[in-house]
């Protein structure tokens, strides 16, 4: 029987399945951070259980860390407690930890792939919704809750029901300046923020194959923003070349044998999907969200929509509420909307290619008066590589702030946040009310578009900036 990639990955990891019971899956990798793990470790301690597979468990600090100093106290008392608990728990249970002073420390979904912890064919979980990022490698990766974190620590397994399957095919070739971020925002604009609910999404088509691994990670990172359980891209030579030689990747003959298996990880001819969505890459322009969910998105050349133009009463009411929160008026061109802050970072867009794209725009220009612009590399290795290439100097000379690695202003759990009423062009993944700070107004864009907003003081079409 022909199978989809998701069905192959799921079936390969079933440990036990009985009639009328949820299947039990084996988990190959468990990624841990300071926010969703303390109670899970406490649960192990209370029942005198060890971590079953400490060698398959990797921890880092990211959500709470300050991006201005390595001082554990800098983001407040709650942050300090969570980070100190992670240090204590990893020491006690034998889990490898990339702490504030470790050269590999960074955002968990940046660290995993760059260290070769993430490999094709794996099941990967983390107490974080954007675990879907790792699906870019042809791995079944999804976020879990704290009680499930404890279950995986204790058993290296997890009960999971089968999801529905969705194929999203992006045909043709994207125009110059159009990035993975624009593609995924255009997809979510078409499906809506709940269009993938109950599904695991496989992204395919010529435009997807043309993406680098970093672009594919951006794509899968935001699968969750259309309501999907996970996102997948079938592994290919691009994947294998990225993985080869990384710290935790197989070596020598083991790598060659792994590649032979990884090549089988693709949807069979004749396999059927529950839902199919198609987009044409050449029709995708630079995208900017205007509302308070990622599905409220338009091209940068469009005008702010009128809620009256929505036929669905729920969408109309949502648009009215979003415009009121965002302080926007229907009919205003997006390029007339001024911004206060710019955030280039997050598990969506903080890798070296993202920083190069932003630096290309920033080079020889200056951040507009009254705008604060932050560049936050996703990890220690990304920061080191950017500095080796001189990107930090380009940003600093242009008036951007060059920060230490961390989740930063994506989620306002640290000391980087928006003040009430401030408008931000952000490369992160969520534009919900208050996501970047109470009363903050978030517009999601690509790194190049964020840099363009920083130097012009408003949203600008990257295609017109030479």
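Glycine too: its Cβ is placed from the backbone N, Cα and C atoms.
According to Swiss-Prot, the feature [4Fe-4S] cluster binding site maps to 347, 407, 410, an assignment based on sequence analysis. Counting every protein chain shown, the Cβ of residue 347 ([4Fe-4S] cluster binding site) has 28 other Cβ atoms within 10 Å.
Other Cβ atoms within 10 Å of the Cβ of residue 410 ([4Fe-4S] cluster binding site) number 29 in total over all chains. Apart from 347, 407, 410, the [4Fe-4S] cluster site neighbourhood in this chain, defined by C-beta within 8 angstroms of the site C-beta centre, holds 62, 63, 107, 109, 130, 345, 346, 348, 350, 406, 408, 411, 428, 429.
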